[in-house]
Amino acid sequence: MEETGLRGNLAGVKHILLVLSGKGGVGKSTVSTELALALWHTGKKVGILDVDLCGPSIPRMLKAQGKAVHQCDSGWVPVFVDQDKGISLMSIGFLLEKPDDAVVWRGPKKNALIKQFISDVAWGELDFLIVDTPPGTSDEHISTVESLRPYKPLGAVLVTTPQVVSVGDVRRELTFCKKMGLRVIGIVENMSGFVCPHCSECTNIFSKGGGEELAKHAGVPFLGYVPLDPHLTQSLEEGKDFIQEFPKSSAFPALAYIAQQIMDSTAPQGS
Amino acid sequence: MAEGPGAAPPHDCPGTSSAQAGRAAACQGCPNQGLCASGGVAAPDPAIEEIKEKMKTVKHKILVLSGKGGVGKSTFSAHLAYGLAEDETKQVALLDIDICGPSIPKMMGLEGEQVHQSGSGWSPVYVEENLSVMSVGFLLSSPDDAVIWRGPKKNGMIKQFLRDVDWGEIDYLIVDTPPGTSDEHLSIVQYLSSTHIDGVVIITTPQEVSLQDVRKEINFCHKVKLPIIGVVENMSGFVCPKCKNESQIFPLTTGGAEKMCQNLNISLLGKVPLDPQIGKSCDKGQSFLSEIPESPATSSYRNIIQRIQEYCGLHHSQEKII
Ligand SMILES: Nc1ncnc2c1ncn2[C@@H]1O[C@H](COP(=O)(O)OP(=O)(O)OP(=O)(O)O)[C@@H](O)[C@H]1O
Ligand SMILES: Nc1ncnc2c1ncn2[C@@H]1O[C@H](COP(=O)(O)OP(=O)(O)OP(=O)(O)O)[C@@H](O)[C@H]1O
Ligand SMILES: [Mg+2]
Ligand SMILES: [Mg+2]
Ligand SMILES: [Zn+2]
């Protein structure tokens, strides 16, 4: 069907973007979630596809655990996070019998499900589809990028923390993007500095500046520093809307700026 | 909790080389069922026997696992290795099976090192005379090199690491893993299946977003019958260097590792606080334990390492009695 130019279930999706990192735990799912919320608050319709099959985080972060996906004529109906159906979500978390079930799958099975996620979810009309990924450059990533290629994704947002150990992995992820022909929209430096709520002293617990340096070195846009912010962790734990509830919090301006950059980057293509 | 073969949850691929491939209950409806069932239901990989021979000179094997990314698996693995190797009479080896995101070369100060071919296989890279390391990082030619490999190629690499590396006589082999429950994890367990694994150390951070993945990993361990030595809670609390007040950056919204361990009846080996010096030591490729011996994180690491040593010692003597 792709050959005939039909976009199937992705026909109504304007922009697809991937959130990637070579490193684990740097905040890919966090950035995916907050980006979705921020775009939604500007009136966009947003979908999130969670292709982290062994460790899906998005259902909890959007307080959608325990919800179920349903079948319809054109495929799977994603889970709607809000009443107005402004944010829809697909994750393996919705397919597990028990939340603690381990998904012990080798590559081929993961690839098959990802292909199904990409072709069979009835997203309807979306301004943005955000794809949250596990760390690495392996089956999930290759399959996702290959299956999305016909739909011409806008590009990838790369997330890193400032330490050398993390930046090193993200450097390799940049090579992955280059090899796969995926445009890099920019690099986010997350968990960059922590301001003590008691005395306002800033400590760079995970160092500082590594992400910005990498962006310079690689010649890709730097999307900004997101500080360590306990309000953010707390919001994600409880599935609260950080963007709405903590606009004065330290991570807010950075996250809002990233969302703005994403919207700007779509403007020339007319949206 | 899903334990025992009868209660195996669905979605559980037995692995392509299992005799159950394509035939297990979980294979129903899997797109690869036909492939697995017909694909010459693999005779056991002869490498498993070769690895058994190879591992006869390795006394203790410890895997470091977590369902969640970035919780400090590699940092812990590195410091477990550093800590154990402080006893010069012990020979310690550290194997990094995070094929797509190897952190160990950097953390052990070995970035840019290469492995050498010797008569008896690949020789690992040595930090000290009694501390050797193997990682895919030593096979890459530039820091920009990405390892864009699907499962089978990663599995091949892990097999080679176990079978073809000239490890020598070793007291402790520590294996650092990537997050998740997929190819790398199934392969290491499968390739070591005819040897004895002392057990697994599970790393988590205090918040539920991490614990929810870690519980999956614990279920994985039960399924493949890996004994769990215990859980380490990392990044628990941060003491401001200026005002000395503690902040819970990663809050214990559901009681942290302590509560989880109680519920699942496994040991909590200890808690390691956030300390900016840990990241710095890792970035410099030095042992935080010897760099900052007075830090509370150091004493916590040391306690945990001691408990692991005791566990292995106990285990070993029990085995000899049997
Ligand atoms: N800027 C921040 N401030 C405070 N906490 C944060 C921040 N960014 C992320 N976190 C927290 O850190 C943890 C890890 O983040 P997250 O799960 O988004 O990472 P990830 O890259 O998706 O991890 P994985 O590799 O396991 O998928 C989460 O508990 C999240 O709430
Ligand atoms: N207790 C701690 N205090 C401060 N920094 C820490 C602590 N533990 C780990 N780190 C830092 O956090 C980062 C992530 O740790 P590490 O790379 O060991 O995690 P990991 O679980 O191996 O990640 P991955 O899933 O990507 O393999 C590293 O930069 C490390 O230096
Ligand atoms: Mg994630
Ligand atoms: Mg690691
Ligand atoms: Zn303070």
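Placed from the backbone N, Cα and C atoms, the Cβ positions cover glycine too.
Just so you know, TrEMBL annotations are computer predictions that nobody has curated.
Note that the structure is a prediction, hence the values are computed from the model and not measured.
The ATP binding site annotation in TrEMBL covers A:GLY22, A:LYS23, A:GLY24, A:GLY25, A:VAL26, A:GLY27, A:LYS28, A:SER29. The feature [4Fe-4S] cluster binding site is assigned by TrEMBL to A:CYS196, A:CYS199.
Feature map: annotations from TrEMBL on the structure.
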{"residue": "A:GLY22", "record": "ATP binding site", "DSSP class": "coil"}
{"residue": "A:GLY27", "record": "ATP binding site", "DSSP class": "coil"}
{"residue": "A:CYS196", "record": "[4Fe-4S] cluster binding site", "DSSP class": "coil"}
>> I'd like to verify something. Among the binding-site residues A:LYS23, A:GLY24, A:GLY27, A:CYS199, which ones have a C-beta closer than 6 angstroms to some atom of ligand 3?
In response: none
> For the binding-site residues A:LYS23, A:GLY24, A:VAL26, A:GLY27, A:CYS196, which sit with their CB under 6 angstroms from an atom of ligand 2?
Replying inline: A:LYS23, A:GLY24
> For A:GLY27 (ATP binding site), what is the tally of other C-beta atoms lying within 10 angstroms of its C-beta?
Replying inline: 26
> Between A:VAL26 (ATP binding site) and A:CYS196 ([4Fe-4S] cluster binding site), what C-alpha distance do you get in Å?
Replying inline: 20
>> Roughly how many Å lie between the Cα atoms of A:CYS199 ([4Fe-4S] cluster binding site) and A:LYS23 (ATP binding site), rounded to a whole value?
In response: 31
> For the binding-site residues A:CYS196, A:CYS199, which one has its C-beta crowded by the most other C-beta atoms within 10 angstroms?
Replying inline: A:CYS196
> Roughly how many angstrom lie between the C-alpha atoms of A:CYS196 ([4Fe-4S] cluster binding site) and A:GLY27 (ATP binding site)?
Replying inline: 20
> Counting across all protein chains shown, how many other Cβ atoms sit within 10 Å of the Cβ of A:GLY25 (ATP binding site)?
Replying inline: 27
>> Taking ligand 5 as the reference and 6 angstroms as the Cβ limit (strictly under), which binding-site residues among A:GLY24, A:CYS196, A:CYS199 are close?
In response: A:CYS196, A:CYS199
>> Return the residues near A:LYS23 (ATP binding site) by Cβ distance under 8 Å, restricted to its own chain and a separation of at least 6 in sequence.
In response: A:PRO135, A:THR160, A:THR161, A:VAL165, A:SER166, A:ASP169, A:VAL170
